[in-house]
Amino acid sequence: MYAGAGPVLVPPTPTPPLPMPAYTFKPPPRPDFGTSGRTIKLQANFFEMDIPKIEIYHYEIDIKPEKCPRRVNREIVEHMVQHFKAQIFGDRKPVFDGRKNLYTAMPLPIARDKQVELEVTLPGEGKDRIFKVAIKWMACVSLQALHDALSGRLPSVPFETIQALDVVMRHLPSMRYTPVGRSFFTASEGCANPLGGGREVWFGFHQSVRPSLWKMMLNIDVSATAFYKAQPVIEFMCEVLDFKSIEEQQKPLTDSQRVKFTKEIKGLKVEITHCGQMKRKYRVCNVTRRPASHQTFPLQQESGQTVECTVAQYFKDRHKLVLRYPHLPCLQVGQEQKHTYLPLEVCNIVAGQRCIKKLTDNQTSTMIRATARSAPDRQEEISKLMRSASFNTDPFVREFGIMVKDDMTDVTGRVLQPPSILYGGRVWEEPNAPLNKAIATPVQGVWDMRNKQFHTGIEIKVWAIACFAPQRQCTEVHLKTFTEQLRKISRDAGMPIQGQPCFCKYAQGADSVEPMFRHLKNTYTGLQLVVVILPGKTPVYAEVKRVGDTVLGMATQCVQMKNVQRTTPQTLSNLCLKINVKLGGVNNILLPQGRPPVFQQPVIFLGADVTHPPAGDGKKPSIAAVVGSMDAHPNRYCATVRVQQHRQEIIQDLSAMVRELLIQFYKSTRFKPTRIIFYRDGVSEGQFQQVLHHELLAIREACIKLEKDYQPGITFIVVQKRHHTRLFCTDRNERVGKSGNIPAGTTVDTKITHPSEFDFYLCSHAGIQGTSRPSHYHVLWDDNRFSSDELQILTYQLCHTYVRCTRSVSIPAPAYYAHLVAFRARYHLVDKEHDSAEGSHTSGQSNGRDQQALAKAVQVHQDTLRTMYFA
């Protein structure tokens, strides 16, 4: 409750701002600049902007009828500016964001308390369209205030000035290209880049205005995304259903073909081809079950009588068009209740529609191949982009007196020292054997485990093999060789597998998983592991993980058939890394002497992530995962996972999840952590305040619920991978690997970072393909008062503790594990989602039950809970 005076009468306009929460958390200022590591000269794809110290005038635009796409809104405003030049706009060049906001460099002749209403006519294909546009003054946006913020004289960067500058810089590109988010795309001229399934790659560029130390910067990057190919719907259908040509499809579609086709085309816009120049556009809402020859609709005759007429007959009578493919279904377009049907052959897919549905595995790999660029090539492409964009000749940018430098920004980075990695030795062979403690030193983010043994290897005495690959492809000889090789490699790694598997059988289909696993659990006492061999991508995988992780609490390790047919030391060694950890072993640890001071007291590292279902899927829940370290190395982690509201970014049950992890930490170590380091993945800048407010309070609440005075210091760090900052070596000799990337450990916290807050870029991994993307870390809260060096070194070291490989990874292990846990929970939900998605109109009551069923489905078995089942 807010305390205060009695009620005050407020005029109805303008709308008052929403009340802020009783207190807001403010991110900490940057404590200092890092100095650790050797310096390296870099260039960043940031271009300095020269901003005048003027005022910009902000107006609100209201277009009726509403809900036009931005492209249409832009046309309306452009027509308005031309048409009312004499009365209102004169020589001014306003910029518009496509929604509500219009900015001018000089004020318009509109009184501040008045609203001007104009009528704008857009010439249409059939008839002209008339719109009513209202303009009213909103505010003056001071660019002087921006200068004050960048130089540290103001505590925070005014959001409205950045928004205004962004609109100025995006106005012309938005008219020329197809905008998607903060990027602009255009169809590749001359050379198509097909992805299959009616999709293709469009190339473009990302552009955003960013505040940095002392200067505003323009961040420019090359960008690519999937669009639907503009083509006849018949051809689109052939691509989706893998028909060589339409001629081979003389029969109606089967149910499964129709369902697959519907899934792909639903929601897309098509244009008709049978009405000459009038290419009306419609949005597809469904595909009919019946072919055009049998699909009927109520047709009103001239006499006023209504008769049922087939689509094929209607096109013959009305349009003198005999359908070539009457055996194919129709598209249902517009509103579902209106029964508007179009034969496939009179429709084309409208150009410029971005594909938001999930790409298939093949499409994803084609996309990566088409878009991967070595760092020097990408640098050259970005420079070329800047030259062709030529912002300094853009009339709208010049109108506001803005200049942009043509060259990338020079930045001094630092390459941090990698930590030493400690392995173990043969402890169980002979009591007096020397402990072969081996230390590995990463070089360019990679180290070698050869001649070394796990820090703590597990002895495997009882294990089983279940082969779901066909016996003729994966023979008994293959299985025998695989078993021998795995035992040899595991022995060398210090994880001895004693004896042959207690069970080795062939099986088929997901339905046989649970009965087989129950038999194994009941028959073989002390069974530690089931190795499952899979024939490529199959539903068996999801079922193995569901049964193993959530139903019976059994450790499982899946192996692809091709890796059994041809074993390599590398794949077997990688298998051992995963198996040892799943069974409670420790592969390696950070050398204790080299760890940062934060390890001097009990500390828990938490990683958190929320994964959302693919776009266009409105039913599936989002999944929140939080993992916590369970030892001082830190090496072992425990996981908690929840389903939550569809596309909800804030972790709703965080307090209970953190409480569970703190209890587990205490059980594992007999210590209460005095510090909590929380790495939060997957939050965009616009959500910082909201996420921080809710989640920091949730972590505090978890502590206080355990003990009234328990107040460990919390450091809350957001980890971001989905940004467009790229760093390039200035000196050719510093470039690493085939792709010419920056070295692993490269850190930047000056010039391109936030003017006042605590953030930094760290590229902790060695780039293998394409240009490395440094991770961006933004500290939103810090009770522990880290210096820049301490936090940067700690973060870099945690990137070396990921158990699945002997390389440093691109984000700290706890954040990576949270991602794996959420991803695994998707598999646990597979059949539950299928069940609950069958009927789309479920009542409110059953939804509550569905929610409970989903929550239960991701609940991991008690025996699995304390293991790293997700590794």
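Each residue, glycine too, has its Cβ placed from N, Cα and C.
When D492, D511, D549, D609 are compared with the divalent metal cation site residues D681, H819 in Swiss-Prot, the one appearing in that site is D609.
Note on Swiss-Prot: of 451-454, 455-458, 483-486, 599-602, the range annotated with the feature region 'Interaction with GW182 family members' is 599-602. By number of Cβ pairs under 8 Å, the region 'Interaction with GW182 family members' (662-672) is matched best by 599-602 from the list 314-319, 536-578, 599-602, 765-773, 802-824. Long-range contacts of the region 'Interaction with guide RNA' (314-319) within the same chain, counting only residues at least 6 positions beyond its ends with a Cβ under 8 Å from a Cβ of the stretch, are 274-275, 292, 297, 299, 343, 346. For the region 'Interaction with guide RNA' (536-578), DSSP puts the residue distribution at 28 helix, 5 strand, 10 coil. Highlighted: of the candidate stretches 599-602, 765-773, 802-824, 802-824 has the greatest count of Cβ pairs under 8 Å to the region 'Interaction with guide RNA' (536-578).
Counting residues 6+ beyond its ends, the region 'Interaction with guide RNA' (802-824) has Cβ neighbours under 8 Å at 418, 440, 442, 445-449, 545, 549, 574, 577-578, 581, 587, 605-611, 623-629, 634-635, 637, 639, 641, 679-681, 719, 721, 744, 763-766, 773, 775, 795-796, 868-871 in the same chain. Neighbour count (other Cβ atoms within 10 Å of the Cβ, all protein chains): 21 for H819 (divalent metal cation binding site). A simple way to gauge crowding: the CB of D681 (divalent metal cation binding site) has 25 other CB atoms within 10 angstroms, across all the protein chains here. Note on the region 'Interaction with guide RNA' (802-824): its mean pLDDT in the predicted model is 98. The residues near the divalent metal cation site, meaning same-chain residues not in D609, D681, H819 whose C-beta sits within 8 angstroms of the mean position of the site's C-beta atoms, are G607, A608, V610, T611, A625, G682, V719, I811, A815, Y816, A818, A822, in sequence order. Following the DSSP three-state reduction, the secondary structure of H819 (divalent metal cation binding site) is helix.
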